[in-house]
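TrEMBL annotations:
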- 1-10: compositional bias 'Polar residues' (COMPBIAS)
- 11-29: compositional bias 'Low complexity' (COMPBIAS)
- 114-686: domain 'Major facilitator superfamily (MFS) profile' (DOMAIN)
- 1-52: region 'Disordered' (REGION)
- 112-136: transmembrane segment (TRANSMEM)
- 151-168: transmembrane segment (TRANSMEM)
- 180-200: transmembrane segment (TRANSMEM)
- 206-227: transmembrane segment (TRANSMEM)
- 239-261: transmembrane segment (TRANSMEM)
- 281-300: transmembrane segment (TRANSMEM)
- 390-411: transmembrane segment (TRANSMEM)
- 544-568: transmembrane segment (TRANSMEM)
- 589-614: transmembrane segment (TRANSMEM)
- 634-653: transmembrane segment (TRANSMEM)
- 662-680: transmembrane segment (TRANSMEM)
């Protein structure tokens, strides 16, 4: 019987392996599917050792089924491993990729345009810190403010800025840097404008509070926003240059106050109910930087780093391409192509705002869910600042912020008050005393100033047109006025005490019976067309020296700012902060030796110059310490801490004016030394990529 498995030979002598028996035998083709049995073997290899056994398909290059299965399993394992590795690497490499993208985009026209717009917003913050303090001496006359009211009005701006810093800084990490800054500046513009026309104390203080809440968001958002458009080697220097705009805000406020407020006649009035004097013109002018910043910000894009954190990759890519094309086109290389095609995604992202998808959900329900979700996200982000990995450094930087602000704002308010006190002492020492003088039929048409008249007799005298020359700081005690005539009188701190007035006429004067005459006997005395209102008791010079001091103090910041800009990326943030704070402490110590007005002015300027570099370093390192998802929140909380320190120090230091200067100096000196030494415990971030 023929072997059914024998090889057939064709006519040409070629052999084919056959399968089957009898007449149904057929040749085995190479493309026939391999056998499924795992132990299948050809007769050729039968009887060989296991190691030498060879699958017959190898002759035709066909892999063994076991090898195919194992290769598939290995491929699946490798794919899963690569997916896990990719997920881990993406979170680590997003900052590096973003840094390389910013390097590819370069530094040019786009950054300088954004620098100018954000600088105006920072300038508006600097102006806000000075507005009330400059306007207060005039506002207290228009609004009849008590000492308690004046103190509250001086602090309310810092309260608003503290609330605004925390509020807008936290929202900027969820709603976007640009959007929140637009809201903040718009609120500041609206309420600043309205406060110019507020006549009552209550409405005025409310409007200034709202204005402070608006502008309080500028500092934390501006630095966060601008830093995310800068590459690592440019970040420290250009953030420091941005600080110059805060100095410009102080100069702008001082210069405009100096030029506007002393001109009390600038403005108009509508009866006694509505007064719009020069200090209101000053407040109106001071909101112009905020308006300019708001207008410019409309044309600026959102931070692409924020968009990446919220999974808005297409928008981020478009903005990065805009930055790239704007810069290289301005440099004369429009042909350069933006090569980035894919941007990494953060591993974990917060969910987008939850919308009610059900058709039965009302608009109110959707509104509540959306905003409650936002509140929860904001609170969660704020609590995450206490996470173990950033808790210690966060505590250190908070202490540095607090100590620096405590000394800076406290002494910043104490220096002008101390100068006023020294002025008052000098003025009191030069008072002229007239005793038992007798003046008859005399025409007073010149200024009477800093005088005390005791037991005098004034008979048939005329006091006319003293609205030009005025009566300032004059006191009549136990004097007699008989048949005298007062017309068009304007006075400041002028009183009649225990005097007798007979047959005397007061026509169109601000010397009214209710408040200017203390225990006086008025016999046949007439008051015709009296000018009533506390706004009339106003000293026109309005402390010109104080404006000059503030102007010089703001200008003295310039050398410290320039020095910080040049050295920030060369010697590091920590040496800038620590050295500047310790240098400021040295300037504070020498204030003990100040016994004259100009000595106080000198050390006021030296202190501001020494402390400027510390502020630059603190703001730069705050941006660099925190990741993008927490950066604005952390900056807002720390800036709120700064404003809290300002409130405490200005209130505390003001209590010691005219009593002692030892306690304010010791408190400031101690705070600066502690903060300066603690600054060296912070991590150096000079060569750290923004996380």
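Using the three backbone atoms N, Cα and C, a Cβ is placed for every residue, glycine included.
Remark: the transmembrane segment (390-411) makes no contact with the transmembrane segment (206-227), by the rule of 3 or more CB pairs under 8 A. Under the criterion of 3 or more C-beta pairs below 8 Å, with sequence separation of 6 or more, the transmembrane segment (634-653) and the transmembrane segment (544-568) do not qualify as touching, having fewer than 3 such pairs. As a whole-number mean, the pLDDT of the domain 'Major facilitator superfamily (MFS) profile' (114-686) in this prediction is 82. Recorded stretches compared: 180-200, 206-227, 544-568, 589-614, 662-680; the one with the most Cβ pairs under 8 Å to the transmembrane segment (281-300) is 180-200.
Within its own chain, the transmembrane segment (589-614) is flanked in space by residues 243, 247, 404, 407-408, 411-412, 415, 418-419, 422-423, 426, 545, 549, 552-561, 563-564, 576-577, 579-581, 583, 661-662, 665, 669, 676, which lie at least six positions past its ends and keep a Cβ under 8 Å from the stretch. Put simply, of 180-200, 544-568, 662-680, the stretch with the most CB pairs closer than 8 A to the transmembrane segment (151-168) is 180-200. Counting only same-chain residues 6+ beyond the ends of the transmembrane segment (206-227), those with a CB under 8 A from a CB of the stretch are 114-115, 118, 121-122, 124-125, 128, 132, 153, 156-165, 167-169, 172, 177-178, 180-181, 183-192, 194-195, 198, 235, 238-239, 242, 290, 293, 303, 619-620, 622-624, 631-632, 635-636, 638-640, 643, 690.
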